[in-house]
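Residues annotated as transmembrane segment in TrEMBL: 6-25, 59-81, 101-120, 194-222, 242-275. Feature annotation from TrEMBL assigns domain 'Palmitoyltransferase DHHC' to 150-292.
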Amino acid sequence: MDFLVLFSLYLALMLLGGGLICICWRTQYLNGLVQGGAQAISRVIPECLQRAVRRLLHYLFHTRNHVFVVLHLVLQGLVYAEYTWEVVGYCRELEFSPGPLLLPAVLLLVNLFFFALSCVTNPGTITKAHELSFLRVYEFDEVMFPKGARCPTCDLRKPARSKHCRVCNRCVHRFDHHCIWVNNCIGAWNARYFLFYLSTLTASAATVASISAAFLVQVAVFSDLYLESYIDDRGRSQVVDIVFLVQYLFLLFPRVVLLLGFVVVLSCLLGGYLCFQLYLAATNQTTNEWFRAGRARCRRCRHQAQPPPAEPRVFQNIYSHGVWSNLGEIFLPAALDKRKTK
Ligand SMILES: [Zn+2]
Ligand SMILES: [Zn+2]
């Protein structure tokens, strides 16, 4: 099979897999699938290996550790090393304007700045001293956030929109999710840094992809190869097409083509996730609330076939007050500081 067809299949499968995981995750079907898969695998893998895998997975995903932070920096370093030493070098030989070539470096610096802020900023840890202040910030909706609920681990009254993070072992104000890539919770006080971090990461991946693609297109144009023809393995004369061109470029610049493939997939995944996070920000929902609302809706759909004795109350987003107000709540530090000192 041709390289381009294989790569397109790989890209389509990655995106399809990501989409399916999102749907399954929200509708609880993933738990069943994972449990079924784990049971099937446990029959063929020795017990000691299973224990080691379980311990490793627990360490990676259920404890605070720097593994994914280091992996993030290593991957970013590899992409930028390849971009700087090969793509920029060739682009300068082809007399590309230096401005666009420097753009990924500027985006990298801004990205690392917000990455560090997302890692080290307190997301809004709820303590005994600030418990009352946090309780006054958001009203209780009595569906998802009932008044009087307590966190059994922290022994604190749970403010509306807060959640106990099992990885960090603390209750977090306006809890969004725990991000393994920044090794921190995303909450009220660092959500804005996380959004800037995600935006600049997406922009830097898309910029590296665009410049690498522009370089390869320029090489193809300069070589005039697309005007040529070649003899295929059956001895027939064929006009050079896009598949042949990509394979030709892969033989000439294998690392640049692999880099392009990686950053294209990354840009699509990050772009999709960024759109999702911006949608949540604009509608004043957290990932935790969106996820729980989705599960509640699924339960309600199942109950419609066999109505329960008492109709459960439905979660409604009472925290949205218009797009600008919602975005201001996340991006304006003054609003958060004001709340902090209430
Ligand atoms: Zn707690
Ligand atoms: Zn956490």
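Placement of Cβ uses the backbone N, Cα and C atoms for every residue, glycine included.
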DSSP-derived helix, strand and coil totals, residue by residue, for the domain 'Palmitoyltransferase DHHC' (150-292): 82 helix, 22 strand, 39 coil
Average model confidence [pLDDT] within the domain 'Palmitoyltransferase DHHC' (150-292): 91
